[in-house]
Ligand code: FAD
């Protein structure tokens, strides 16, 4: 089919999540007269609010879903196109959208995020949580559920099992301990009592929910409605909205049909062997069930540890896959092992004038020894910001150096109502056996772990109100030899801040 370009923009950014929106903001404020287009499949965009630089590399912020017009009001040269990209031709530098537009670009940044890895395609009993719509679909199904099985051991599973009340949760993890992506077995042990205890009363709900549930404005494309229906049915997400982020569960009541507060049991070191319905169970008499599973559960899950559980539905929380699909056909993108678009230290993919940022890309430059990529909100913002800068300076032919935020991995979050700060090689990632751990733990209060390599601090996990993040960040950044201090480093009676002042 022959298409004619509707318009060629100087910069086109695909994706209205945190990476894409931050990239647009950065570009548009750096190059006020530039012609910028944002193409996004979701009906809302994500914006960062209340941004706070906590220390040199740690940052905290909130996220709001907004109508795209908010961005257009700030940047008059910005055009927002509400449609999904269907295909890309990097030779002719054109993009075709689902609603039939053909757009040209001089420089393109792909920020299309990622989508959940699903345990089963098109199974109405397998749900996932990715965006506002899927979170609401989950909430609705949960309100009638007595038992669910959560599969996965990353951040989403961790938050879910803690937040869900009034419903028995069976949590299947493939590792020996919970939360393997974020911490070690010791920290996991620290958290286990929180799963067994009743949850503390929630603080008053925030005045304005971070995730709005407004209907799309009149004239918005079909994507939202179609997406919403498909999510409600639990089929594979096609054109997703932006991924959720910090505090996604705030303002959503995650309560099942029972009166219990918490009832979580963990099945360790297992994966899913088979998922089958009640009808399939009746026709396979060889299936053995423990007594509490016999009955009329709508779906059954068999784990590789030999156990089979009946439940109302299964939550697939086993990670994400970069959303690269519409961009690959006919082009020559180099892909990383995790299927992300490879980007260099200037956020450029292997195709000329095509950049990428956020969950869709894989950072393939030589990393600082204290940084690693994790598909997190903070990194989506940092990459979007940096990609915007790179695109602008490349037009101006100016040099640019890798941003300081890529020097040290740092992340603040909350698990089980505890503040969690992760710094550097917090889990000894890539260090082999050649490292030492110092741990301090006060039950129900704090867990502090320091990773030392060659006498220098290279990572830390801080759980609870430890107030150690800034000092430890400095110690990691300045790579001071800490051998003379030994275990005194974690002596609670020493004011470590004064010590290193
Ligand atoms: P996204 O936010 O996914 O945005 C992608 C955008 O691209 C969307 O606007 C989408 O509509 C658009 N798009 C996709 N395909 C197309 C197409 N073909 N054409 C046009 N537009 C398209 N991170 C944290 O740091 N802390 C947390 O506590 C945390 N919790 C999370 C909880 C949940 C339930 C989930 C799912 C994720 C969580 N994350 C968290 C991860 C975080 O949300 C993501 O890393 C981050 O949102 C990635 O941002 P992004 O801009 O790259 O992608």
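Glycine residues also receive a Cβ, built from the backbone N, Cα and C atoms like all the rest.
Note that the structure is a prediction, hence the values are computed from the model and not measured.
Which of 159-179, 180-200, 201-221, 222-242 counts as region 'Disordered' depends on TrEMBL, and there it is 201-221. Sorting the domain 'NADH-rubredoxin oxidoreductase C-terminal' (413-479) by DSSP state (H, G, I as helix; E, B as strand; all else coil) yields 10 helix, 33 strand, 24 coil. Using DSSP to sort the residues of the domain 'FAD/NAD(P)-binding' (301-384) gives these counts of helix, strand and coil: 15 helix, 26 strand, 43 coil.
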